[in-house]
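Here's what Swiss-Prot has on this protein:
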BINDING   GLY30, ALA31, ASN32, GLY33, SER34, GLY35, LYS36, THR37  ATP binding site
Amino acid sequence: MPLERLNFLGLRNLAALDMRPGPGINLITGANGSGKTSLLEGMHVLGMARSFRTQKLKHAIAHDADAVTLHGRVAGDPPVALGVRRARDASELEIRLDGERGVRVARLAEALPLQLINPDAFRLLEGSPAARREFLDWGVFHVKHEFFEAWRRVRRALKHRNALLRHDRIDARSMRVWEQELAHWSELLDALRSEYMAQFAKAFEDTLHELLPLSGLSLRYYRGWDKQRGLLEVLEGGRDTDRQMGFTQQGPQRADLRLRIGKRAAVEELSRGQQKLVVSALKLAQGRLLDELTGRTCVYLIDDLPAELDVTHRRIFCHWLERLRCQVFITSVEREALANAWQSETDVAMFHVEHGRLLTE
């Protein structure tokens, strides 16, 4: 469901903002430093309760403000009201959903599925496994209802086992309890991830073919421990080495997506431009699969697309966005860079940011 209204106050260099975006393509232009990326950042915080620019949201509060306050309304029957506030002197976020306080971040994410494509996202292939796990789990979360509970239980059990590993003397009974808990929920989490990947692989292959036909590229899911052994057996056998390290070395927290060309990692074979196209295909395929499996669309936040893709691939990428029929926010320094990227029948809402002020064109 698209965002139909946004109200931001106290966000970086942006003036108080009241935006009514279009349900489809929204092009936001402006000079570097004008506030375009801050606008995307505000939407990201609304859906994820965190910024993609800073680990501490208080750093996004305008210098002359005591808090950053973000409100959004997601279209629907009925519409859904989202709210996130972070005061400079507060230790935690205040999150609201339809006026209800104390809402979990998972409920925000469920109400507003977001896909971010920015320079950091384009480094997905060469970055840490944690980024690829987050990418994978975004997809599983939105199509598998059991995922969040399994993920939460795994994190809890893992925390307890790691704490026990760091004790001078291990309580064998407690260790056994938490290893059984960790193994049970990890096996479920692995099954959900595996099921999703079986569906995602085809969507990715089809999308990539139009962006960058590559022979021999394979996408594989690695679950984080020996596929021939149950996790409980692995945990029991690895206690001594885990204790030496002070943490659990195998399990779903070590899962990864591996892209290869032949026997080599794809990142070692592909040019920087090719890597960007592969990541573009990954992101587009997730939105496509979400629509196919649930009938819901995600909102794409795309920062400075003209700087990341050449003209030809930019046009193909934009045509994919049109086919997905989702809401898109794209920033660009120059309007002309994306003027011819769309089909004539596509409605494009135009906005301009100038010295922190949003103007409708």
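Numbers run from 1 along the shown chain.
Using the three backbone atoms N, Cα and C, a Cβ is placed for every residue, glycine included.
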Around the Cβ of THR37 (ATP binding site), the count of other Cβ atoms that are within 10 Å: 21
Position of peak Cβ density within 10 Å, selected from the binding-site residues ASN32, SER34: SER34
Number of other Cβ atoms within 10 Å of the Cβ of GLY35 (ATP binding site) across all protein chains: 25
Residue among the binding-site residues GLY30, GLY33 whose Cβ has the most other Cβ atoms within 10 Å: GLY30
Output field, ATP shell: CB within 8 Å of site CB centroid, site GLY30, ALA31, ASN32, GLY33, SER34, GLY35, LYS36, THR37 dropped: SER38, THR331, VAL333, VAL353
Greatest C-beta neighbour count within 10 angstroms, which of the binding-site residues ALA31, LYS36: LYS36
